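*Asks:* One structure follows; several queries about it will come next.
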């Protein structure tokens, strides 16, 4: 069977379901797939297919995730759903599935539960920009006031973590009843789809962002100067443009005098492309792997930041023992390792393999970073954890 061509005529948006265990995330995922396919066409995935989440590896970490796709008239959505709480933690911290917005599922029979709070906190830490609430199992609650109470509670909880709790959409529905084809509950799924379309803005494409290229290699070409190579992470670099070399040492400015790809000279290098950039007047020894080439003023170097970390379990090939304050591993950013020290939150004495924890990291030399940057934690080249920059301190 021939592969379907990927249609690029609609904006592509990444979403996912989050929330407490057994509140109905996977059932909702199946219901969205079922109702939208029935309404707008496409291929339906049932509960069993979604629940049987395949294993993926991201930065050496095993994560179970289900990916489904669905369409509304105006957009194409890629949706992730994870079977277990640990999978969510890993998924969100590694950025294995970056979300432009999340659907928080709360069972109206229970109200917010511990993992509801934890997923909201994680969303805040890893930079999920928008949350829409789906109150599930509303068919099992007869008391209108109880539903109002749960909605208030969820809104307050979201506000506590700096999400606009008073303004974000809350849809009251029943994923199971919608899946069983009951029209009044199917309508709620369409209402949720409408909220996705209107509340989550169209994400900026990588190519529209400010130019940045993590440097992987540096060469000297006699008579022409210094060439740095790497994959353009976002934006476009054009010949003749000024760029900054950021990280590890003091920031310097230079000009791009050439772009080449597969030994051909080009006018520009774009997001996603591997290319070599020729730099005017830059010496071979002034540039090194681990620095980035960036649009002037678009990114700055920092040494201290707050982060959210997931520590690999022994089974995942991580540490066999906990670590304590004063732990000094390497932090792998983009293309290089930098040693750093950690500061644990008050009251946390040690961190066990398999835990996730918020910690402050101080690196021995600055790295170009902004909030949301992912990194790995390594000991002698072996990955022992994954993290994300939650807030820059210095």
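Each residue, glycine too, has its Cβ placed from N, Cα and C.
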*Asks:* Pick from 69-72, 73-76, 77-80, 81-84: which stretch is listed in Swiss-Prot under region 'G3'?
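*Replies:* Matching range for region 'G3': 81-84.
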*Asks:* Which of these ranges is annotated region 'G1' in Swiss-Prot: 19-26, 27-34, 35-42?
*Replies:* 19-26
